[in-house]
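Enquirer: Sharing a structure here in C-alpha cells format.
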Amino acid sequence: MESIAAISPSKHFHLTQSNTPTNPFLKSIKTQVPTQFITKSTTPFRRFIIKSSLKAQTNPSPKPPLVVVGSANADIYVEIDRLPLEGETISAHTGQTLAGGKGANQAVCSAKLDYPTFFVGQVGEDAHGKLIIGALEDGGVGVDYLSVVCDAPTGHAVVMLQPDGQNSIIIVGGANMSCWPERLGDGGLEVVRNAGIVLLQREIPDSVNIQVAKEANRSGVPVILDAGGADGPVPSELLNFVDILSPNETELARLTGLPTENFEQISQAVVKCHELGVNKVLVKLGAKGSALFIKGEEPIKQPIISASKVLDTTGAGDTFTAAFAIALVEGKSQKDCMKFAAAAASLCVQVKGAIPSMPDRKSVLDLLQSV
C-alpha cells in the first residue's frame, strides 16, 4: 500500500481556533494541492480546523482521488442476545466504542483498498471526534477537509449486535447534521472537481449533498448516493445529479413505497427509481447478494461470496459501495465491479466493528482468486 502511505496524513494533528465562521472544507494552512475551500457564512458558531501535514495535502498518485462527503460517527456497540421488548431492560454481554459512520466507513475502506481518498465532513470537539480523526488517519484517509465544530457533539450511533451478526442501529446526527454553512461557495469545491468519483450518503443534510452533487456533475465526476441515513424521500434536485443510487432492500421499499420481498418486487421498485430520474440503481440484498439495474438493460446479479463466519454485518454495505466505486473508477467492467465489491463485503462481515473490519486490497484479490 505504498501509494496510500504516500498520501496519508501525519498521525499527529493540531487544532487551531477560527474566530470567523468558515466553510467546513476550509484548511488552516496554505497548500497548492488541493485548493482550499473559501466561502462566506453567517452561521454563528465557533469552528476549529485541522492542521494536516503537507504530506497529507498532496496526491502524488496519478489516480484522481475518491472523495467521500459524508458522516462520521462514534459507534457504541452492545452485544445482546435479542432486542429488548417495549419497556424492557436487558443486559449486554459487552460494550465498546469504535469509529464509524457511513461516510467515514466508506473513506477508510477506499484507502485500505489502496486508492487515494479524501474525506469531507464534520466532528465535534470531543473525545469521539478525536477517535474518528485518529481512525481516518490510521486508515490512510486524507483529512484536509475534515472540520472540528465547537457547537455540536460528534455524531454517534448505538449498534445493537445480535449473535447471528445482524444489527439494529440508532443514530444521533450531532455535527453531521448541524453547523454546516448555508452555501459551500462557488470557488471552493476543488477536491470534488478533481475527484475520480464522489460518494455521498444521507447522514448529512440534503442541502450539502445537493451542492456537492451539482459541482461534481458540472465537472463530469460520477456520483454514487448511498440511500442509507434519512428516512424521508430523496429530493428530486439531488437525484437529478446522481449517477448511481445505492439502497438496500429496506431503503428501496421506503423510498418507493413498494414491497421488496422478492426479486420481481425489487425490480418493480427499481422501475420507480428510474421514473424518478436515476438510470442506475445498485441494490444491496444482504444474504441474497446484490444487483445492478441499468435502465433499458437486463439486471446484473451478483451472489454473495460466502464467508467462513459472520461476526458482524455492520459496515458491510459501506464496504460494498466503496469497493464497487473503486473498481468502477479503475475501469473494471460492471460485472467485475460487483464481484470485487462482493469479495470485500465478505471479508468485512468476518470481523467485529465497522472501520476495523475493512479489508485491504491484497485480501480481496486473494479471495477472488480462490472462488
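Just so you know, glycine gets a Cβ as well, placed from its N, Cα and C.
Here TrEMBL flags 66-360 as domain 'Carbohydrate kinase PfkB'. Summarising the annotation, TrEMBL assigns substrate binding site to N73, A74, D75, G101, K102, G103, A104, N105, E203, D318. What TrEMBL records for N248, K284, L285, G286, A287, K288, G289, G317, D318 is ATP binding site. Marked as K(+) binding site by TrEMBL: D312, T314, C348, V351, G353, S357. Residues annotated as active site, proton acceptor in TrEMBL: D318.
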Enquirer: Can you name the residues of this chain that are 6 or more positions from A104 (substrate binding site) yet have a C-beta less than 8 Å from its C-beta?
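Expert: Listed in sequence order: V68, G70, S71, A72, N73, F119, G121, I132, A135, L136, I355.
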Enquirer: Near K102 (substrate binding site), which residues of its chain come within a Cβ-Cβ distance under 8 Å, counting only those 6 or more away in sequence?
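Expert: Same-chain residues close to K102 (substrate binding site) (Cβ under 8 Å, separated by 6 or more) are G70, S71, Q201, E203, D226, G228, G229, D318.
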Enquirer: In the structure shown, with every protein chain counted, which of the binding-site residues D75, E203, D318 has the densest set of Cβ atoms within 10 angstroms of its Cβ?
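Expert: The residue with the densest Cβ neighbourhood is D318.
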Enquirer: For each of the binding-site residues (G289, G353), count the other CB atoms lying within 10 A of its CB, then report the residue with the highest count.
Expert: G353
Enquirer: Around the Cβ of D312 (K(+) binding site), how many other Cβ atoms lie within 10 Å? Please give the count over every shown protein chain.
Expert: 23
Enquirer: Neighbours of the K(+) site D312, T314, C348, V351, G353, S357: Cβ within 8 Å of the Cβ centroid, same chain, sequence order.
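Expert: After dropping the recorded site residues, what remains is L311, T313, G315, A316, V349, Q350, K352, A354, P356, M358.
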Enquirer: For the binding-site residues L285, A287, C348, V351, which one has the sparsest Cβ surroundings, going by other Cβ atoms within 10 Å?
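Expert: Output over binding-site residues L285, A287, C348, V351: least Cβ neighbours within 10 Å is A287.
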Enquirer: Which chain-mates of S357 (K(+) binding site) that are at least 6 residues away have a CB under 8 A from its CB, listed by sequence?
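Expert: Listed in sequence order: D312, T314, G315, T319, L347, C348, V349, Q350, V351.
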Enquirer: N73, T314: which of these binding-site residues has the sparsest Cβ neighbourhood within 10 Å?
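Expert: Ranked by other Cβ atoms within 10 Å, the binding-site residues N73, T314 bottom out at T314.
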Enquirer: Taking the Cα atoms as reference points, how far is G289 (ATP binding site) from G353 (K(+) binding site) in Å?
Expert: 21
Enquirer: Measuring Cα to Cα, tell me the gap between G353 (K(+) binding site) and A287 (ATP binding site) in whole angstrom.
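Expert: With the alpha carbons as reference points, the distance is 19 Å.
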Enquirer: Restricting to the domain 'Carbohydrate kinase PfkB' (66-360), report the mean pLDDT as a whole number.
Expert: 93
